[in-house]
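Participant: Just passing along the structure, written as structure tokens.
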Amino acid sequence: MPDALLVLNAGSSSLKFSVFLDEEPLRLLLRGEFEELSTRPRFVAHADGAVISQKDWAPGTQLGYTGATDFLFAWGREGVLGGHRIAATGHRVVHGGMRFSGPALVDAATLAELEALIPLAPLHQPHCVEAIRAVTRTAPAVPQVACFDTAFHRTQPPVAQAFALPRRYADEGVRRYGFHGLSYEYIASTLPRTAPGAAEGRTVVAHLGNGASMCALLRGRSVATTMGLTALDGLMMGTRCGALDPGVLLYLMDRYGMDARALERLLYQQSGLLGVSGESSDMRELLSASSAAAAEALELFVYRIHRELGSLAAALHGLDAVVFTGGIGEHSAPIRERVCRDASWLGLELDEEANARGGPCITRSGSRVSAWVIPTDEEAMIALHTRRVLSTTGLAPGPQ
Ligand SMILES: Nc1ncnc2c1ncn2[C@@H]1O[C@H](COP(=O)(O)OP(=O)(O)O)[C@@H](O)[C@H]1O
Ligand SMILES: CC(=O)OP(=O)(O)O
Ligand SMILES: [Mg+2]
């Protein structure tokens, strides 16, 4: 009987999980999510498209990532895994800093390094560190593998990773890292099958979810991306501001006496779609809202994507294809349509019907630049990395 691989993706307020069977190719057994972990926790698990388990906690319950992980392992022992043993847990870890350019087996030293990177990803890193600690406590014999959002971008040329700051800051690691790398890596791995021209050429992938970024791929390798040292830079996001004149920070500090924590709250949690609309960080809600502020938030969201598309096309010295992915990129035809219309000067001719259908190709047959909708799967990428690390470190379990 094949072993199971558990994948944990700790987001800013949710914990997504998947269980894959270690077959060739990997087979998804079930997946699910905990939402609103510190306010109104909910758990749901799906298998073969149907809900197999659900639980709601009382409003105000502080389940947290530790409580969620403990619950998940206890639930797993109730028979839902059909006797498959969990051979390893793979985690999405947002920041790998300078040290990690590929997945790594977690030990005490690795965990300490991940913890030291918390200030660089305050919305994400504390949660994956907490999930790793919880698994260590609940299932100490299960090996854990950290898979980094930053790793895929380490192929970028030095100039794309540089800030124009005095050199000593770069030497201590103040440079552009980029994120959503597991998503981009997954998309790059599917291109030869789904969009062969894009796989061989100059492609910009737009990962548009709660967090949003874009990546320039040259023959499937990252050469530039919109996020930087932290997951704040680049596009406007659900609650994050994206690119900002650094002078704004100086102004806010002088004018309002804001310190680092106050700026962190403002830039990570109160800005973006939420800040500009004053209503919601959720794209679905804004698309159905009627206020002028919601319309302005959408206009700015699309404008920023278009501006970054031009910039990444410049980094690629041209453009052959655009890929939309992430919750918004995969599901919002109106946002894709607005971006593609703005990008018509690049030679992108939208096929409205194909776009309304959700693709995969959403441009007309003669379009010089093609555009695609490709669902991402960060969890599958993590499972693949986890399996590889297990086999290269000799931890892959033998027949049972
Ligand atoms: N049908 C849809 N139309 C428009 N936006 C959608 C749709 N479905 C999901 N979204 C948006 O996707 C975003 C969440 O993206 P997702 O990639 O799931 O988030 P996360 O970054 O938390 O993984 C939300 O803004 C949500 O409103
Ligand atoms: C890095 C990042 O922004 O991740 P997410 O989209 O999950 O918030
Ligand atoms: Mg995401």
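Heads up, the Cβ atoms here are built off N, Cα and C, so glycines get one too.
Unlike curated entries, TrEMBL annotations are predicted automatically.
Sharing the record's features from TrEMBL:
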ACT_SITE  ASP149  active site, proton donor/acceptor
BINDING   ASN9, GLU378  Mg(2+) binding site
BINDING   LYS16, HIS207, LEU208, GLY209, ASN210, GLY211, ASP282, MET283, ARG284, GLY327, ILE328, GLY329, GLU330, HIS331  ATP binding site
BINDING   ARG92  substrate binding site
SITE      HIS180  site 'Transition state stabilizer'
SITE      ARG240  site 'Transition state stabilizer'
Participant: Roughly how many Å separate the Cα of ASP149 (active site, proton donor/acceptor) from that of LEU208 (ATP binding site), to the nearest whole number?
Facilitator: 15
Participant: What span in Å does the ATP site cover, taken as the longest CA to CA distance among LYS16, HIS207, LEU208, GLY209, ASN210, GLY211, ASP282, MET283, ARG284, GLY327, ILE328, GLY329, GLU330, HIS331?
Facilitator: 20
Participant: Work out the three-state DSSP category of ASN9 (Mg(2+) binding site).
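Facilitator: For ASN9 (Mg(2+) binding site) - judged by DSSP and reduced to three states - the answer is strand.
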Participant: Including all protein chains displayed, how many Cβ atoms other than that of LEU208 (ATP binding site) lie within 10 Å of its Cβ?
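Facilitator: Within a 10 Å radius of the Cβ of LEU208 (ATP binding site) lie 27 other Cβ atoms.
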Participant: If you compare CA-to-CA distances from ARG240 (site 'Transition state stabilizer') to each of the binding-site residues LYS16, ARG284, GLU378, which comes out shortest?
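Facilitator: Closest recorded candidate to ARG240 (site 'Transition state stabilizer') by Cα: ARG284.
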Participant: Suppose we screen the recorded positions ARG92, ASN210, ARG240 by Cβ distance to ligand 2 with a cut-off under 6 Å; which survive, in sequence order?
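Facilitator: From ARG92, ASN210, ARG240, counting a Cβ under 6 Å from ligand 2 as near, the near ones are ASN210.
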Participant: For HIS180 (site 'Transition state stabilizer'), find which of the binding-site residues ASN210, ILE328, GLU330, GLU378 come within 10 Å, Cα to Cα.
Facilitator: GLU378
Participant: Identify which of the following recorded positions, namely ASP149, HIS180, ASN210, place a Cβ less than 6 Å away from any atom of ligand 1, and list them by sequence position.
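Facilitator: Listed by sequence, the hits are ASN210.
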Participant: What recorded positions among LYS16, HIS180, LEU208, ASP282, ARG284 have a C-beta sitting less than 6 Å from any atom of ligand 3?
Facilitator: none
Participant: How many neighbouring Cβ atoms, not counting its own, are there within 10 Å of the Cβ of LYS16 (ATP binding site)?
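Facilitator: The Cβ of LYS16 (ATP binding site) has 17 Cβ neighbours within 10 Å.
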